[in-house]
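Reading through the C-alpha cells given below for one structure.
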Amino acid sequence: MATFAHRNRRSGRRSPLTSAALLLIGLLATGGAYAAFTATSSADAASQTQVTKLTEEGEKLFAANCASCHGLQAEGTEDAPTLIGVGAASVDFQVGTGRMPMAASGPQAEQKPVQFTEEQIAALATWVASLGPGPAIPDERYLQGDGDLAVGAELFRINCAMCHNVAGAGGALTQGKFAPGVVGVSAKHVYEAMITGPQNMPVFNDANISPEDKSAIITYLQYLETSTSPGGLELGSLGPVSEGLFIWIFALGGIVAITVWLTAKSN
Amino acid sequence: MTVTATTTETTASEATAETQVEPGKGMRFVNWGANYIEDRTSLSGFVKELGRKIFPDHWSFMLGEVALYSFVVILLSGTFLTFFFQASMTHVVYDGSYAPLKGVGMSAAMASTLDISFDVRGGLLMRQVHHWAALLFVASVGLHMLRVFFTGAFRKPRELNWVVGFVLFVLAMGEGFTGYSLPDDLLSGNGLRIIDGMVKGIPIIGTWISYLLFGGEFPGEAIVGRLYTLHILLLPALVVAAIGVHLILMIVNKHTQFAGPGRTQGNVVGVPIMPVFAAKAGGFFFIVFGVIMLVASLVTINPIWNYGPYDPSPISAGTQPDWYIGFADGMLRLIPPHLETELWGFTITWYILIPIAVLGLFIVLVAIYPFVEAWITGDKREHHIADRPRNAPTRTAIGAAGVTFYAVMWAAASSDLIATHFRLSVEGVTHFLQAALILGPIIAYLVAKRVCLALQKKDREIALHGFESGRIVRLPGGEYIEVHERLSDYDRWRLVSYEDYAPLMVRPNAKGRITTGTKIRGVLSRWFFEDRIAPVTRSEIEAAHHDH
Amino acid sequence: MAQADGAETGTAVERHEHAPRAAGVAVVSDDRVQNPGFPPYRPRVSDIDPVKERQNERRVFWLFLASMIGSVFAVVAYIVFPIHEGDMDSVRLNNLFLGLGFALGLLGIGFGAVHWSKSLMDGHDLVEQRHETRGKPETVARASEIFTLGNKESGFTRRKLIRNGLLGALVLAPLSAIVIFRDFAPAEDPVKLLKHTLWEKGTRLARDPNGIPIKASDVTIGSVFHVIPENLHESDHPLEEKAKAAVLLMRLDPADLHVSEERKDWNFRGIVAYSKICTHVGCPVALYEQQTHHLLCPCHQSQFDITREAEVIFGPAKRPLPQLPITVDEEGYLVAQSDFHEPVGPSFWERSL
C-alpha cells in the first residue's frame, strides 16, 4: 500500500537524477565561468567558495525551518536530538524523503511530500555536515544497481527482511511504529538509510555491510521494483494473510454466487 | 440380463414416448458394451438403486461439492507436481534460472520447487493451482460445516456423518500444513520451527517427540521427506477413505431438504441423478476447476522465490501460516505474558499448553455438539427437514459465538498486518483481541439470539396477517389502516413448519429420585428453549382470518 | 417415483413404517398447520416456446465451443509462450496464457452442462420416499441372530480363557511396532544437545552469512550485526548449529544498559550479544529498534528490552533471551567468553534440570 502511494507521489516530481544533473551542470557552469574570469584561481578554490555559499544558505534555512526543535546550533532540545555529527547523508535522507520537518508528533516521522528543493536540501546537508564528521552523501557508483544480485538478495533476507518483509512490503514494529515498504525508494535514500539508521532503524555501517554489499542490496531492491511476479498479481506481497482473504472473498464468494445461479429455478 | 431390460423399459416409459426405431450402429455398440459389463458385474442393480436418486436443490447444498471437487483438483495437480519435486533436504547449490538465488545453498526440495516454477512450462501454473485449490478445499469444508451446523443437518440420523466430516476437516488441515512445509523455503521453515517449539513445550515427552519427528535436532535433514510421505501417501489415503464413508452415509441417509410445500420428513423432493443432477454436478466440477485455474493464472500464491531457502537466522516481517492454521497461530499470540512455571526442576510452559488446551477443547466441542444437543432435546426421531437458522435460536446463537471465537483467533494471527494497515499499534490490537476473545462470543451469542427471535416474530406476524401491501384504506369510522395481503398456503407453509421444543419438566424417575443427569438436562433444556416462539397453529390462523 | 406437480397436491402424508420414536422435549401438537402439498408446476419459457428452446440449445453449444477454443488455445499458448531460461516475463506469460486457456476450456464445459440441465432437461421436481435409516425389523432380527450364532458356534463368550488370550495378544502386537520408531532419530540424548551450542571460550563472532569476524571497533553505536560463530561453516551440521547459535550483536550507550552484578563483564563497552532464537517458540527475534532498544519477534510479537538484559515486556514469551558473554581478543576481534549459560530457544521439559 505504502509503496504504491509512494510511487504515485514520486511520479509527480522531477526525477532525482534530473535534479542532480541540473545541479551538476549549474555547478560546472558557475565554476567554469569563474575559472575563465580568474584564470589564476584553482578549481579547488572555486568549489570551496561554492561550499561556503551553500553552508551559509543552509544555516539560514536551518534557522528558519529546523532550529525551533533542533536548536539554533543543531545542539538538540527536549523535543529533538542533536544533529551534530549526523552527517550530510542523514539530512539528505530525512529532508529528501519529506520525513523532516515533522508535521506532527506521532509514533514516528513519516514520509510526506518533500518541502524543499534539491538545492535547499543540499545547502542544509552541507551546513549540518560542517558541524561535525558524519556519513556523507553516497558516491554515485554504489547507486547504479549493478551489484551482485544474489549476494544482495541474501543480505537483504538476513539484515532487512525481518522488518521490511522479504518482498520489501514493510511490517509492524512496537508501539504503532512500522518499517516502511522499501521497493521503489530511490537508491540514494536506501543507501543513506543504511548508513545513518534513521529513527529506530539500526545503523549498518561500512564495516557491517560494505559499500559493495550495500550496492548489491540496492540492486536486489531495483530487481524487485522492475520485475513483475511470474505468478501474476502479488496481493501486496503480504503472504498467506492476503492469500487467505482472497480465497474466501473472491474465489469462494464467486463460487457461492455460481451455486445460487446453479440451483435457482430456470425461467 | 433381464434386469437391464426392465431398467431400460422403465427409463423409456418415463421419458417422453418416442417411437421405437432400429438402433443405429453407435447405439448397437453401446448396448453391446452395457451388456458386456452387466454380464460380468451386475452393475444394473447399482444403476437401478442410484440412477434416479433424488437430490434436493438449494445453493447451500453445493458447498460440500465444492470441497469434493477442489480435492479432486488437488489430486490431479499434486500428481503432476510429484513427477518433478524432490523431497530431499540434501544440500545443493542452486544454479537454475532465477537470478537472485543463483549460487545460493539450499535443499534439493527448495531447488526442485524453483525448477518446477521457472523451468517447467505450466509448472508454476500447477503449483498455483495446487496451492489455491488447497486453500479453497479447507475454506469450502469450513463453509459446508457451517451450513450443516446452522441448519441442524447434523441431527439424527446424521450425527456420525458430522463426525466423519469433522475428521475430514482435521485431515484437510493436516494435508495443508504438511504441503505448506514441503518447499523448505524461509516461510515454511519458520512455520516448522514454531511447530518444533510447540512440541518441545509438551510436558515429559515433548523434547523426545521433537527429536524423533525431525530425525535429530531441528531442522535436521529428515523432516521434508517425512512430511512428504504423510502428504502424498498416508493423509490422502485417509482423506479418500473418509470421503468414501461420508458419501456412502449421505446416500444411505439421503440428503436433507428445506421445508416447503409437499416436502415432508418422509420424502425427498428434487431432481434425479440421471440426467439433471449429473449434468449440474458434473458441470459444477468443471466450473470449480475453471475458477481455480482462473485464479491460478492471474494471482501469485506463495512466491517461494521471494522467501528464499530456509535458514534459521533470517525471518520475514508478516510471517503467517496459511489461513486454516491461523486460528492456532492467533491463539499463541493472544496468551498473556509470563505463563511458565518450574516445578521440581521441570519446566511447564503454560503459554503453549493453554493454547493447545483451548484449541483442543474448541474442536472437541465442535465434534461432539450433535450428541450434546440430542441429549438435551431427548428427541430420538429422525430429522430430514433442515432448520432455518432462526427457528433454532439458541443453536444459531451458539454457532455465532463459536464463529466469533474462531474469527478472533484468526484475526489475531494477522495482528501485525492489522496494525500496519489501520495505523494502530500491535500492542493495542493484541489487547483488543484478547478482550474480544472473551467478550466477542458473549455479545455474538446475545445478538444472534435476539435477532433470531425477532425474525421468528416477524415470520409469525406475516403468517397470521400477511404482508404489508402498501395500500392505505380509510375505514367508514375514519380510521386509516394498511391492507395486509394474505399469504398463499404454499408461502405460509415455509414460515410455520418447524420443530418446536419446550424446556424439560424435571420429574422424578421410576425410583422416585431426580438424578443429577436429569437436573443438568433440565437446566440445559431451559437454556435452550426458554425463549421460544411457537409455530403458528391452525386455530390461530382461523382466528386471524375471522378478525379481518 | 412421482412427479411433484399439481396432480399430487395435498396427498403427501408422513408415513411411519416403524414404531414412532420418543420426541423428547419436542412439542407435538394436533393443531399444527397442514402441509398444503405440492404447488403446481411453473413451466419455463423453453417448455412453452420452441424458439426459446432452440435459442437455449444454441447457447449451450456456444459454451461448449468456447471450451474447445480454450483448450486449443492452451495447447497453442504452451508452444508460443515458451519459457526462456532466466526470463521471468516469459514465465509470467506462460503461466497467464496457459492458465487462461485451461480455465476457458473448463468453464465452457461447466457452464454449458449446467445451462443445459437448467434450461433444457426436464424441469419437474421428483419425489422419492424416505425410509427410516434403521433396517426392517426382520432384517435387524436376522443380523442379531447371525451374531448370536457366531458367538454360539465359536464359543467367544463361553471360552473366556482363549478370548482373553486373543485380546491380550492383539493389544501387545502393535506395541512391538512402536519401538521401531526409536531410530527415527540418532542415538544421542536430545537434552544434552539442546543445552550446548557451538559457542565456547574464544570463538570469534562472525558476520552472517559470510563468516568474516567482527572487530569491536566495527560496531558503532546504534549498529546491529547478525552473528554466527566463526567456525560454523566447518561444523558437520551447520544448519542445526546455526539454529541454536545465531546471535544478535548490538551496541548501546553503556549508560543505557542496566547490568546486573553477575553479568557485569558480559558486555564490551556497551556491545551486547543476545541469542536470536525466541524463548517462546523459536522464531528469530531480529527486529531491533535502536532508539527504544526493544527487540520484537515478528511471529508472535514478544518484545524484549535490551537495556534490561532482554527481559520480556510484551507478548507470550516468559524468559529473557539468553545473553552470550563476550570480550575481545588481542587482535581486537569480538570473542565469546563461554557458551550461553542456559539453553537457548523455546522451553522444554528438562530445560532447567
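Cβ atoms are placed via backbone N, Cα and C, with glycine included.
Listed in TrEMBL:
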type: DOMAIN; residues: B:33-259; note: domain 'Cytochrome b/b6 N-terminal region profile'
type: REGION; residues: B:1-20; note: region 'Disordered'
type: TRANSMEM; residues: B:66-87; note: transmembrane segment
type: TRANSMEM; residues: B:132-150; note: transmembrane segment
type: TRANSMEM; residues: B:162-182; note: transmembrane segment
type: TRANSMEM; residues: B:228-252; note: transmembrane segment
type: TRANSMEM; residues: B:284-305; note: transmembrane segment
type: TRANSMEM; residues: B:348-372; note: transmembrane segment
type: TRANSMEM; residues: B:392-412; note: transmembrane segment
type: TRANSMEM; residues: B:432-448; note: transmembrane segment
Outside the transmembrane segment (B:162-182), six or more residues from its ends: residues with CB under 8 Å to it: 74, 85, 87, 109, 113, 130-131, 134-135, 137-138, 141-142, 144-145, 148, 154, 188-189, 191-192, 223-224, 227-228, 230-231, 235-236, 238-239, 242-243, 245-246, 249, 302, 321-322, 324-325, 363, 366-367, 369-370
Distal contacts, the transmembrane segment (B:228-252) - CB-CB under 8 A, six or more residues away: 50, 53, 68, 71, 75, 78, 82, 85, 87, 158, 160-161, 164-165, 167-168, 171-172, 174-175, 178-179, 182
Cβ-Cβ under 8 Å with the transmembrane segment (B:284-305): same-chain residues at least 6 beyond its ends: 62, 65-66, 69-70, 72-73, 98, 100-101, 110, 113-114, 117-118, 125, 127-129, 131-133, 135-136, 180, 183, 185, 187
The transmembrane segment (B:132-150) in contact with the transmembrane segment (B:432-448), cutoff 8 A, at least 3 CB pairs, sep 6+: no
Within the predicted model, mean pLDDT of the domain 'Cytochrome b/b6 N-terminal region profile' (B:33-259): 95
